[in-house]
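Worksheet: one structure, shown below.
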Amino acid sequence: MALIVFRGGFRTNHLLLRRTFLFSARRDSSLLCTIQQHHQRSRYNVRAESLQATESKTSSKSIQMATKELVEKKTRGYEAIIGIETHVQLSTITKAFCSCPYTYGSQPNTTICPICMGLPGTLPVLNSKVVEFAVRLGLALNCELSVASKFDRKQYFYPDLPKGYQISQFDIPIARKGYVDVDLPVEFGGGHRRFGITRVHMEEDAGKLLHSESESYSQVDLNRAGVPLLEIVSEPDMRSGIEAAEYAAELQRLVRYLGVSNGNMQEGSLRCDVNVSVRPIGQLEFGTKVEIKNMNSFSAMNRAIDYEISRQIQLHNKGQVDQIVQETRLWDEGTQKTFTMRKKEGLADYRYFPEPDLPEVVLTKDFIDQIRQSLPELPEEKRRRYENLGLSMQDVLFLANDSSVADFFDATLENGADVKLAANWIMGDIAAYMKNEKLSINELKLTPQELSELIASIKNGTISGKIGKEILTELISKGGTVKQLIEEKDLVQIVDPAAIEALVDKVIAANPKQLQQYRAGKTKLQGFFAGQVMKESKGKANPVLLNKILAEKLNCPS
Amino acid sequence: MPFPIQNPRLLLTPRHLPFPPNPISLPPKPFLRPLSSAPSPSPQTLDAIPSSSPPPPPSSSSSILSIRESLLSRRTKAAELAAEYLDRLRRAEPRVRSFLHVSDAAMREAEDVDRRVERGEEVGPLAGVLVGVKDNICTADMPSTGGSRILEGYRPAFDATAVRRLREAGAIVIGKTNLDEFGMGSTTERSGFQVTTNPWDSSRVPGGSSGGSAAAVSSRQCVASLGSDTGGSVRQPASFCGVVGLKPTYGRVSRFGLMAYASSLDVIGCFGSSVVDAAIILSAIAGHDRLDATSSKHEVPDYASLLVSLDFLDSKPLKGLKIGVIQETLGDGVDGGVISSVRSAASHLEQLGALVTEVSLPSFSLGLPAYYILASSEASSNLSRYDGVRYGKQAAAEELSFLYGDSRANGLGHEVKMRILMGTYALSAGYYDAYYKRAQQVRTLVKKNFNEALNEHDILITPGAPSAAYKIGEKTEDPLAMYAGDIMTVNVNLAGLPALVVPCGFVEGGAAGLPVGLQLIGSPFSEEKLLRVGHIFEQTLQDFRFVPPFLTES
Ligand SMILES: [Zn+2]
């Protein structure tokens, strides 16, 4: 991105754009691309970028703790100050100021129109969904809302910016002065934190430059131009990579809970620019801040920031503070290092001024109240509720991480399931299945009702835990009801002591040698007998009863 | 506020529509022209006009109505009319040079109109009317350059909303008219392509920036035309060319498809050779547009139907109308001939019954610098898109910064660059408060002053320009002198008000004198009132005929 040679390259692109433009013009006489109904709300998989829950929680725990200690050791005497600017791409059906749809991964320049191409004479008209989504997020972030905000133009030249300015909000953002609560992952030491939100504002995205691999030209793809974004600016409240990553993960959770974005980092629907500075503990003024970009997962954020912190501390320790300069650095996943992208020479002057093409955005009390009432239970509330149910923090974080998982869990409880058992099943076999099959919980054939039925059936002894596991696999992949499966496969647990006694007798009679050995003192053989009885019962014998009866029979020769 | 024209009963009748609901089954009704035997008809007598009454003489005041009347009565064919206008256009063009592009579809479209008339199909109110469109207004089938070399050959893929509405009403776009590049200028000398001359004296400017549209109507190259008015770009050339020019309230007409100069000031307006024509065009193009968030949802009346023919009115038709003459516009720096023309127009209005008093607008002189700061600031941003990357002329360059720099340096003209620089400066960090913000404060003050004056008066009047048309080249070396010529008009844009310029007299100059325009300013969305007063004024101004001499010579 830093070095592009445009050797007449835009000429090609010029043509490319023109061609598609004419095509789109012909396709629709009103020249606005037709609104295609498409379902933006793609699945929010548990396997997504969450650091907390799925990332090999047990195996790497010790390593992570070790890393944490290492970081603590290295940062001794210094404090890192971290602030984050996050861009969230909104999953509205159409773009912010025209009727074009946006689908990630579409062919270049296929979801564009004269308006988002910035053709002469075109004007922006605000998509009211953008305001609604901004208010939703503003409320969820505990912000003050601006009853009257406005749009401004941020002006700079770049080929992916068709109008030569970006429609954004400058001095009156739609929301400000909020905060977000997070719980740090247990494996990183845990703890509750509150991070301040400076502001949330609405703006439009720019297009993308596609750099030719071999040739010295670049092409412009304007599909993304005009897609609505919310920029969320945090207070410089974070102190470590994990805090920053967890802040970002919480934003992802929030936008997904609220249904305003798919929050997908790989697709660029959630982009974090992180500002990191370091100062000796006790010093009041901030150190020189460095911006880091290009982190496309939370764990990359965590590592990039911790790397950057130690890089800056090392420079402090070596007496080379002057080498920490205002710059933008990119995270390189390969080398696990940040490197300089560009040095900032003075402040860019974007010559903001009020956007004259758009009326101010006025929020009525009714509108805000309506949205407030429609807010779902947010992750933080959910976590506190789960905590109060008596779940461990590990369980709480896992279940509240994904709203569809949480909804599934809640629905299971509503059907009367035991809290801890429901959590175990979801976090155990069900999560494993989802992970293996790359499915979201809503794609499973299993319903919360059947899960609670299953749990109840085990609890009341109708089936054994072992049979339960088997049935679950069946329910997840093929569906059906617990009752029906139990009946079909004749899986009802044998709880009749007489029936079990008969089985025990049969097994004892068939193994006289072992019985003799047992009675001679080799009591370990009880396991053998139990296994045989269970096998004889096709796994259906109630294990408690079985062991009780078996012990009686073995020890009291009749 | 009720309109103070006497004889209000005439205004109440719904039968004033100039366009009968079913034009074919019903012979066209005369435009409010009563039967000569009924000197003061009541609404009942109007209703009672028999449908078999003989066709009225073609309206002398409205070309559009007379075209409609002669098409529907089958006295003329649209194709004949188009041929006549195209012929006049071609003959006048070497002298006036008002067109940048002439439609090659006009004849075909006219023939279509004829076929529809023959088949007895309903045709729109502007059927067969040949309209010129300023070249900064997008047309799908013709180039639209904004008068700039950077857009040479650029063809938009869509019609501006105003153009679309004209076409839907049946109008034929005859061509694209010349202008100062992107509307930046007051003479049309700043066009990237050619200099348009004043039809009254070809050594003089037609005004600008809509000089091509004004000159085209003045020299009858088209029936009516669209212009755009950011600081007076419709009204000042209307003044210079002796035609009617209407600048609607900000938001009255959609800006979609108008190449933005200063978005908070830009309005599409129109030119006609009569007030009725301007009113008919406005009715066609006005109204909310979902593609322009700043367009107003205010209801659009049928402006022309509300205009009253003189024959219906008594000798004091403006009785009770309070007119304020803005003091500051008749003082230093304003041509003596212009002042006396406007003063006699004022007394003429007084004779028609209006109460004319002088009113002071203390902020008037502040408007000009504030206007140039705001307009340049917005322009510096609006013109950023002309970077050669996606459309328009692209310089061949090795590096991106040169591609931008060279495309803009070669493509944009001097005046445009100057305004971009001024605007960029005014918006720069450290200067914003002193310039842009300050100018916005002046704008608020100007609005307030106008509000106060319009609370006291129904209409405010000023000259349309401080002088009549001046010589080509006279002010090219002195931009400030040219900017000063906008003093009469810019305040109206700052306040977003509607204003109408009607020819009101002549000053010496050229072969037959040079026209002078009278500007009527009203409250937001009071176009109706301005048009009614303008229409009465125009009809009672008996001694003047605003047809350029070269037209009658040939
Ligand atoms: Zn679009």
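Numbering starts at 1 and runs along the chain as displayed.
Every residue gets a Cβ built from N, Cα and C, even glycine.
For B:SER233, the entry in TrEMBL reads active site, acyl-ester intermediate. Residues or ranges marked as compositional bias 'Polar residues' in TrEMBL: B:190-201. Annotated compositional bias 'Low complexity' per TrEMBL: B:202-211, in sequence order. Per TrEMBL, the feature domain 'Amidase' maps to B:80-531.
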>> Can you work out which residues elsewhere in the same chain, 6+ from the ends of the compositional bias 'Low complexity' (B:202-211), have a Cβ less than 8 Å from its Cβ atoms?
In response: 95-96, 98, 134, 147, 177-180, 183-190, 195-196, 218, 225, 227-230, 233-234, 236-241, 245, 269, 271, 465, 469-472, 474, 509-510, 514
> Averaged over the domain 'Amidase' (B:80-531), what pLDDT does the prediction give?
Replying inline: 96
> Cβ-Cβ under 8 Å from the residue listed as 'active site, acyl-ester intermediate', same chain, 6 or more residues apart: which ones?
Replying inline: B:LEU179, B:ASP180, B:GLY183, B:SER186, B:GLY208, B:SER209, B:SER210, B:GLY227
> Per DSSP, what is the residue count of the compositional bias 'Polar residues' (B:190-201) in each of helix, strand and coil?
Replying inline: 0 helix, 2 strand, 10 coil
